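Undergrad: So that we are looking at the same thing, I have put the structure below in C-alpha cells.
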Amino acid sequence: MSGSKFNKIEFDEKIVYTIASVAVYLLAGLPLSNVAQDRIADPFGWLRVPFASQAGTALEFGLLPVVTAGFLWQILAGFKVIKVNFESRSDRELFQSWQKLTAVLIALVYAVLLSFAGYFDPVDQFTSQATLPIWSKLTYIVQLTFMALITALLVELLDKGYGFGPGILAIITVSSSTQFVTSFLGFTTTLTARGFESHGALIQLIRNIKNKPFGLAIYDAFTRDNLANLTQIYVTLAALAAGVYFGNFRVEVPIKSAKVRSMASVYPIKLLYCGALPLLFTYAVLYNLNIIGFALTRIFNTVPYVQYIGSWKLDEFDSSTYNLTSGLLYFVSASPKGASPLHYVVRPVTFSLFVIVVSTAFSKMWSNISGSSGRDIAKQFKEQDITLIGHRDTAVGKELGKIIPVASTTGALIVSVVVCGVEALGLSGGLAVGALTGLLCALTLLESVMTEYQQSGGMASQFGQMFQQR
Amino acid sequence: MSSVPGGAKTLAKRKATQENKLKQQLQSQPTSTRAAGAGGSSSTMLKIYTDESQGFKIDPLVVLVLAVSFIFSVVLLHVLAKLTGKFF
C-alpha cells in the first residue's frame, strides 16, 4: 500500500474508506458455496459475536485468525521469546508480515480441521447423514483461507491510516452493533418448527401478542431458544449500562509544560485502561480451544477418553446448535446444557473463575508489553516537554507506574465480573459479551476519531460542515 | 602489580558497571512497535500494521475491489452449483 505518511489523507476520505471497508466485510457474510447454511449445527454460537463471525458463511472465523495472530506475536515479542528489534524498520515490517501470514495459516488449518470434522455436513434427521465429497471440502478450505487474507487486508487498510482506528476494533464495533440491533428490532423472518418467527425480540413480542393468548405471548418472547429473546436483550442492556458507567471512571493526573510557564492541564488515566482487549483475549483463547477441541473430538471420536476434552450434543428442539454438555471445555463455557445437576452447579463458578483470572492476568501483562506502561508514557512526556506537577522529571515514570497497573487490573477485573454476571448462567448466549466488547471498542475508536477531528482540520471537512451549527 | 591505578579492584568495578549498563540497555529495549515510537498496538488498541512494507504495494481501492470480487466469486459458485447440481 502506498504511504500514508507521505500524502495526507483527508478526513472525509477516511470516513468513506472506513464505511466502505466495514460494509464490504459485512457483505462477505454470505453462505459458503456447497454449505446448507440453515442445516449446519453451530457449536460456537456463544463465542461468535465478539469476533464478528457468522456460522456457515465466508465469515465462519470472522476476525479470529487476525486477532489470534496479533496477540500471539505481540506476546511472544513482549516476553522476548522471539527477538525483534522494534527500532529497526525492516524488523517491524517482517513482524507485521509474519502476523498476516500467521492469520492466513490459522484460517487454513481451522478450515481443514472443521471440514474433516464434518462441521459443514448438513444435520438432518430425515436424510441420511452422508459425508460430503472431498473436493467440496476443498472449496470450503479455499474460500475460508481466501477470506482470511481479505480480512487481513481490510484490517491493514484501516490500520495504516486510510480509515479510522485499528481495523479490528472498527469491524467489531460495527458488527456487534448490527448484531444487537438485529436481535432487538430485526424485521426479517425465518421459518422455524413453530411457524414464521421474527429475528428481532421486540418484533417477535408484537407478533406474539397478535397471534397468541397474552400470557403465552409474553412468556414466549422472553424464553424462546432458537432466536434472540427479550431476556437476552435486557441482560445485554444491563451490560452496556455497566460498560458506559465504568467507562467514565478515570484518574486525572495534573501535568504542566516544562517549557512554558502556566501551561497546565490534566492527563486522564482511565479505569478501563485496557479497554476491550482483556475480554477479547479471553474469548479468543476460548474460541481457539473450542474449534480445536470440537474438531479433534469429531475426527478422533473412536479414541478412548477423547470425550474428556469436551462432548457436544445436538440441541433436540431445533437441531441448529451443538451444546457442550461435559468435558473440560464445558466447564469453561457459557453452555446452558449440562450432563448432570452437578455440572449445572459447577460450570458457572469455573467459567467465572477462568474469565476473571485470564483477563486480569492479561491486562497486567498487556499494559507492560504494548508500550503503554508508566515508563513508556514518561518517555513520551519527556519528548513533548511535559512533566507532572509536584514531581521531579525522573519520578514521572515511577509516579505513573503507581497508577497504571492498578487501573488496568482493576478495570479488567470489573469488566470480567460484569461479563460473568451476564454470561455465566448461559442466558444471554454471547450477545451481551459481544455488545459489551463492541461498546468498549467503540469508545476507543471514538477517541481516535475525535483526536483526528480536532488535530487535522476536521471542522473544515464536509463531514464537519454537516454537523456545524449555523 | 597491575598497570591500572587503584589495582585489580578498579578493574572489577569497571567490569561490573559495564555489565550493568549492558544489562540495562537490554532491559530497556522496546518490546512493541509503540514503545519504539512507531505507533501500533496500545493499551486499548490491537493495531497490527504499522509500517509500509517494501516491495509489493496495493492501492486501498484495489483491496476493496478485490474483496467485492471475492464476494461475487462466491455468488458465482452458488450459481454454478445450482446449474450443475451435483459437481461443486
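Here the Cβ of each residue, glycine as well, is placed from N, Cα and C on the backbone.
Curation plays no part in TrEMBL annotations; they are all automatic predictions.
Features from TrEMBL:
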TRANSMEM  A:15-36  transmembrane segment
TRANSMEM  A:56-79  transmembrane segment
TRANSMEM  A:100-120  transmembrane segment
TRANSMEM  A:140-158  transmembrane segment
TRANSMEM  A:167-187  transmembrane segment
TRANSMEM  A:233-251  transmembrane segment
TRANSMEM  A:271-296  transmembrane segment
TRANSMEM  A:400-419  transmembrane segment
TRANSMEM  A:425-446  transmembrane segment
Undergrad: Using a Cβ distance cut-off of under 8 Å, indicate which of A:15-36, A:167-187, A:271-296, A:425-446 has the most pairs with the transmembrane segment (A:233-251).
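TA: Comparing A:15-36, A:167-187, A:271-296, A:425-446 against the transmembrane segment (A:233-251), the winner is A:425-446.
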Undergrad: Between the transmembrane segment (A:56-79) and the transmembrane segment (A:400-419), are there three or more C-beta pairs closer than 8 Å, counting only pairs 6 or more apart along the chain?
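TA: Contact between the transmembrane segment (A:56-79) and the transmembrane segment (A:400-419): absent.
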Undergrad: Out of A:100-120, A:271-296, A:425-446, which stretch touches the transmembrane segment (A:167-187) the most, going by CB pairs under 8 Å?
TA: A:425-446
Undergrad: Which residues, given as numbers and ranges, are at least 6 beyond the ends of the transmembrane segment (A:400-419) yet have a Cβ under 8 Å from it?
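TA: Those are 239, 242-243, 246, 251, 253, 269-274, 278-279, 282, 355-356, 359-360, 362-364, 366-367, 372-375, 377-378, 388, 432-433, 436, 440, in sequence order.
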Undergrad: Could you pull out which residues elsewhere in the chain have a CB under 8 Å from any CB of the transmembrane segment (A:425-446), counting only those six or more residues past its ends?
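TA: Hits for the transmembrane segment (A:425-446): 45-50, 164-166, 169-170, 172-173, 175-177, 179-180, 183, 228, 231-233, 235-236, 238-240, 242-244, 247, 272, 275-276, 279-280, 283, 334-336, 348, 415, 418-419.
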Undergrad: Which residues of the chain, 6 or more past the ends of the transmembrane segment (A:15-36), have a CB below 8 A from one of its CBs?
TA: 9, 52, 54, 56-60, 120, 122, 132, 136, 139-140, 143-144, 147, 150-151, 154, 157-158, 162-165, 167, 170-171, 174-175, 178, 463
